[in-house]
Number of protein chains: 2
Amino acid sequence: MSDSAKISAADPSTRPIPVLEVFGPTIQGEGMSIGRKTMFVRTAGCDYRCSWCDSKFTWDGSAKDEIRMLSAAEIVEELFALGGNTFDHVTISGGNPLLLPQMSFLVQQLHDHGIRTAVETQGSRWQDWLVRIDEVTLSPKPPSSGMETDFEVLDSIVARLLEASGRRDICIKIVIFDEEDLNYARDVHKRYPDVPFILQTGNPQVSHESEDHVSSLLHRYEWLIDRLSELPDLKDARALPQLHTLVWGNKRGV
Amino acid sequence: MSDSAKISAADPSTRPIPVLEVFGPTIQGEGMSIGRKTMFVRTAGCDYRCSWCDSKFTWDGSAKDEIRMLSAAEIVEELFALGGNTFDHVTISGGNPLLLPQMSFLVQQLHDHGIRTAVETQGSRWQDWLVRIDEVTLSPKPPSSGMETDFEVLDSIVARLLEASGRRDICIKIVIFDEEDLNYARDVHKRYPDVPFILQTGNPQVSHESEDHVSSLLHRYEWLIDRLSELPDLKDARALPQLHTLVWGNKRGV
Ligand code: SF4
Ligand code: SF4
């Protein structure tokens with residue numbers, strides 16, 4: 001056994017994290033910090049199988065050769081190699097990063113570097129490190145995803161986040177494809193009235209990106225604005241598109 | 001003199017406000033509350049003459065026949081006639097609403113109805129009612145506007161807002177057309193490092209709206225993201241487009 005392997009076995013902070021992508025700086029394209037400059041770390045693995053998942057490669061095996069097992073320190077090193085001194089914010093995304101207890105070491109190291117952290121999860125699993133995240137987005141999945149929400153788990157996650165000491169921003173963000181999704185969202189908002197609430201335009205998985213895709217997304221967004229406008233039970237809500245899909249969908253089509 | 005005229009002279013709260021538009025519910029298409037459901041009240045009159053002003057009709061005389069002199073109570077009545085029980089947020093926009101001391105009565109009445117208020121102003125004038133606004137956006141104008149910022153006035157507005165008691169969200173939002181605007185924005189952010197900071201894609205005034213307009217806006221936005229990404233002095237900043245311009249520009253062109 002080599003010296004480094006001995007250290008690794010003794011030190012849980014080197015427990016590897018399955019990583020699919022480290023990229024940025026770019027902007028957060030959606031949700032409460034929409035437009036915010038950030039770096040992304042995308043972990044592999046998800047306990048859901050959403051019909052319209054836009055990152056199926058994180059769990060369907062198609063990118064399994066690209067998964068790298070990295071320590072928290074290696075991820076931080078890669079973030080700084082890419083972003084230099086231009087960033088102060090990292091978004092952890094998946095898949096579902098909440099499958100990984102060892103993310104706590106990454107969160108700790110990012111904070112040690114003075115970096116603000118954001119996480120998005122469907123809210124199906126708890127990890128203690130979640131309370132140390134500065135911006136937590138819970139995105140329970142509506143009926144169009146084909147998934148079912150375990151509201152007991154979600155209730156407990158929301159309660160723990162709201163009760164935890166320290167300052168953090170939290171929001172619930174729900175992707176909306178149709179009226180059924182909207183009804184689901186209204187129920188969720190009624191269940192957690194104190195959590196800032198965002199409706200997000202659904203992004204259908206089309207095979208080729210084009211101007212038509214942008215136009216179709218904008219029309220979907222317009223529909224969502226119209227519906228939001230007329231609903232008395234959604235007063236204090238936001239409706240947002242995914243900006244990265246508009247911009248880079250647009251680009252790929254040109 | 002009629003009875004109502006006598007009451008009007010005696011009661012400053014009936015001092016009329018020059019209003020050009022009352023509309024909604026819709027979403028706030030830009031800035032810190034992007035996507036938030038809101039109603040809009042647009043006042044007439046501006047002390048600036050920005051080259052690319054997207055609401056020139058508020059000050060160039062072209063809509064002077066549409067200006068209505070309304071009391072705060074009449075505006076509130078109109079908001080509820082339009083929005084019923086579907087809204088809890090009103091955005092006051094212009095022109096420059098800070099030209100109008102009598103807005104204090106509108107702000108008071110909106111708060112009495114439990115409504116959250118937002119204002120956008122270039123930051124050239126102070127009114128005491130500004131500290132009672134929940135979301136204050138200061139949007140000093142960059143060189144491409146042809147205007148010059150009076151930083152003494154802006155300094156004093158920022159200081160008064162930061163020192164005032166009570167909870168409010170404030171941000172500085174700067175429209176960016178080119179590198180010169182970006183340099184201006186970087187200086188402003190350096191001057192007020194504690195104020196949340198947003199770069200907004202410039203929206204050139206084109207004569208006909210079309211898909212090309214959307215595509216051009218998205219390319220401008222992509223440029224802004226690229227520039228933001230590489231600037232070390234703009235770590236904690238956001239880059240955002242105007243969503244209403246994307247959506248309704250898009251619509252008019254189809
Ligand atoms: S929870 Fe997210 S990552 Fe998992 S399948 Fe659904 S959309 Fe994809
Ligand atoms: S400050 Fe605003 S309303 Fe006034 S001229 Fe400039 S852009 Fe137009």
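Keep in mind that glycine also has a Cβ here, set from the backbone N, Cα and C atoms.
Model, not experiment: these values are computed from the prediction.
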B:Ile27, B:Gln28, B:Gly29, B:Arg42 bind substrate per TrEMBL; candidate in B:Ser62, B:Ser71, B:Ser93 listed for that same site: B:Ser93
Rounded Cα separation (Å) that holds between B:Cys46 ([4Fe-4S] cluster binding site) and B:Lys141 (S-adenosyl-L-methionine binding site): 13
B:Cys50 ([4Fe-4S] cluster binding site): nearby binding-site residues from B:Ile27, B:Arg42, B:Ser93, B:Lys141, Cα cut-off 10 Å: B:Lys141
Against chain A, in sequence order - binding-site residues B:Cys53, B:Asp54, B:Ser93, B:Gly95, B:Ser139, B:Pro140 with Cβ under 8 Å: none
Residue, out of the binding-site residues B:Gly29, B:Gly95, whose Cβ gathers the largest set of other Cβ atoms within 10 Å: B:Gly95
Cβ neighbour count within 10 Å of B:Ile27 (substrate binding site): 24
